[in-house]
Amino acid sequence: MSQLGQVAGILGKLNNEYQTTTPKKLKLIDAYLVYVLLTGIVQFAYCLLVGTFPFNSFLSGFISTVGCFILGASLRIQLNKANQSTFNVSPERAFADFVFAHVILHLVVVNFIG
Amino acid sequence: MMIIFIILPIFSWSVVVANLNVANLNGLKAQFQTAIKSFSDISSLHYTLAGIKELGVQLPDSYCDNINKLVDKSNVESIYHATEASKTLVNCKLPAEDYRAILTAVLQSEDSKTAEIYFAVRSSVNLGLTVDESKIEKRLNLLAKTDDSVVSQGYALLTGAQLSQTIAKSYADTINDLVQQADEIDGSILQYEGGIGATALIFNAFYEVAEKAGVPVKIDSKQLIKFATYFSSKRHVATLRSAYYLTKIFKHLSDNKNQVPVVVSRISPSAISPQNPSVLVSVTNILGQPVGEMSVVAESAKRKEDGVVVISKQKLISKASDFSVYELPFYDTKIPRGFYTIHLTLTARNEGKLIGLTDNMIDVKVTSEGSIENVELTVSDRDNTAQAKTYKLSYPNGQTDKLELDYHQKLTIKFQIKDKQSGEFVRVQQAFLRFTNKKSNKEIIYLAEPSDGANSQYKVEVDLITNANDFRHQSDTYEVVLILGDSLLQTAYEWKLNNNVQLTFHEDSLADKDHQKLYLPRPEIIHQFREDEKRPPNVVSLVFSALTALPLLVLLILWLKLGFNLAGLPLGLSPLGFHISHAAVFALMFFYWKCLNMFQTVRYLALVSIPLFLFGHRVLSTLAARREKKV
């Protein structure tokens with residue numbers, strides 16, 4: 001019981017820290033990432049429940065969510081001011097990369113979706 | 001499964017090169033004699049009467065009535081057959097006046113073929129009617145230009161033989177041209193297109209026209225022999241026409257005033273052994289008649305497998321008073337077993353018109369006696385051969401005791417075959433081990449394989465697990481027999497090794513395969529189309545599609561809660577352009593999914609990405625400048 005309590009305590013503290021220290025921009029991106037994650041979970045649940053037919057569609061959908069998540073995560077990393085030392089890119093440049101990569105991702109996904 | 005094996009040595013084998021044989025006169029005679037019992041038409045009557053007369057049988061005149069009944073007076077071919085048939089009888093005169101009109105009409109007509117001209121001319125000659133020879137000659141020359149088939153040329157020769165000697169001579173000179181048109185098969189046979197019927201007719205025509213012309217038939221002797229080989233190879237012919245012409249040809253080929261091919265053939269059995277030590281050779285003409293005194297020399301006797309020569313230039317001994325049989329003593333203990341070809345050359349005492357005296361080949365084989373040695377029957381465990389019980393057997397005694405084998409044992413039989421003469425171990429063509437189920441008489445046969453090397457030890461192994469399916473797992477009493485045979489072995493062996501072998505298999509016995517059922521129609525196979533994959537009901541798919549859209553709501557709610565900064569959205573051409581081109585890209589993706597292909601999409605994408613890039617760059621630099629200003 002105490003262990004659970006400890007875990008709950010830690011989680012609560014984490015949440016607090018997050019809400020206070022994270023800038024708004026990053027929180028927006030986090031929300032986007034959560035959305036993408038949920039979509040991926042829904043797709044996967046469908047596949048588990050109903051079956052893999054048509055497999056190519058499932059794969060392309062799932063990979064689309066995974067790809068979007070990764071691109072979103074990388075955008076977040078690049079925009080985080082704490083990482084300014086490692087990444088020397090302007091936020092605009094990061095965003096442009098984000099859009100460009102997305103175009104290519106969507107091209108591939110739509111090709112594969114069948 | 002009953003397999004019947006020939007266990008006696010095989011006495012003859014196929015000869016690759018066609019040989020000249022004695023004609024089957026008895027067969028021809030029988031064919032005519034069967035035909036004479038009933039006639040269906042005038043041509044059969046003609047060929048039968050004429051054929052049987054050639055063979056020396058004279059038939060009574062009562063057949064004259066048959067001729068008159070069967071003849072069709074309006075058909076020139078029918079008339080021809082009738083007149084020919086009547087000529088074979090002693091006193092059968094046909095009324096010439098009945099046929100004169102038809103015959104003249106055929107000879108006058110422009111449409112008559114060479115065969116019809118021949119029929120008309122020959123019938124006229126038979127009936128004693130006169131013909132206009134020069135006109136006929138002209139007609140034949142015309143026909144030769146339009147119809148150059150070999151049969152037509154044959155009929156032309158036959159017609160020429162009915163006309164004057166000078167005309168006949170001019171036709172006789174064309175014999176060589178016609179011979180060149182024959183087809184050669186395998187280098188040993190000459191024939192014409194059309195088979196035996198055409199070839200026999202044409203070949204006979206050579207002789208008839210040459211006889212009328214008073215000249216010998218000018219055919220190169222090698223070609224004549226090839227024709228003769230073709231004719232002598234026809235042991236049975238289907239039609240009476242071919243039979244008749246064949247009879248005439250055989251008589252021509254044995255007539256001393258023509259070239260006479262000599263037939264050399266072996267009349268002793270093909271196997272040479274101490275009981276049969278000599279080769280007997282008969283030298284006759286194609287009718288089987290003697291051809292006078294000869295000197296027959298065996299130039300060489302070569303073994304087929306390695307060309308070893310065992311006899312050279314040995315003269316054969318004459319055994320018959322009419323000089324038709326000669327003997328060559330062959331057997332010698334020094335001559336090894338094998339197949340031998342003897343090359344004979346003949347020299348005639350009287351220089352006659354005999355041909356085919358050289359290049360005569362006779363095939364013989366020298367067999368030897370064999371003995372089965374070192375026979376071992378071993379019963380051992382499948383897994384370790386340490387526990388093995390070996391029995392030594394000697395032919396012809398088999399085992400008297402019962403032998404029991406069960407499924408963890410195997411039976412091995414080893415033996416060698418020795419050639420008694422040379423003392424070496426030989427390989428044979430047939431070496432089998434046969435198991436016979438004593439109840440059902442089913443046979444299961446295994447092949448004994450020899451080891452490599454000089455000692456040629458044969459071994460056959462029967463394992464009661466590996467080979468159980470051959471026996472259909474039927475655990476019964478079996479009889480075991482060893483079968484050996486070879487064409488060069490004097491005797492074959494069928495040696496009962498054990499009469500009482502009990503085999504016990506591991507699994508239950510299966511029924512014997514019903515071989516009758518193998519050839520009945522099998523069950524029909526109906527084509528199965530590929531079944532579609534199982535799909536969920538539409539409702540489920542729709543529900544989940546909605547579920548996928550749900551997180552979008554979540555996102556909007558979260559963004560609103562976080563305070564989406566729509567106020568800072570710049571307005572103006574560039575941002576508008578940026579948003580529009582961005583939306584256009586997504587629209588393009590939608591259309592790609594729906595109807596475009598990759599190439600078109602990439603082209604459109606290239607187009608759209610230009611404004612996207614331009615406007616994006618502007619918007620972002622504006623935002624960057626604004627940020628810089630703030631800081």
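Here the Cβ of each residue, glycine as well, is placed from N, Cα and C on the backbone.
Over in TrEMBL, the protein carries these features:
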type	residues	note
SIGNAL	B:1-18	signal peptide
DOMAIN	B:24-253	domain 'Ribophorin II N-terminal'
DOMAIN	B:262-366	domain 'Ribophorin II second'
DOMAIN	B:373-498	domain 'Ribophorin II third'
DOMAIN	B:529-627	domain 'Ribophorin II C-terminal'
TRANSMEM	B:539-560	transmembrane segment
TRANSMEM	B:572-592	transmembrane segment
TRANSMEM	B:604-625	transmembrane segment
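For the domain 'Ribophorin II C-terminal' (B:529-627), the number of residues in each DSSP class (helix H, G, I; strand E, B; coil) is 77 helix, 0 strand, 22 coil. In the domain 'Ribophorin II third' (B:373-498), helix, strand and coil residues by DSSP number 0 helix, 68 strand, 58 coil. Across the range of the domain 'Ribophorin II second' (B:262-366), the DSSP-based residue counts are 0 helix, 60 strand, 45 coil.
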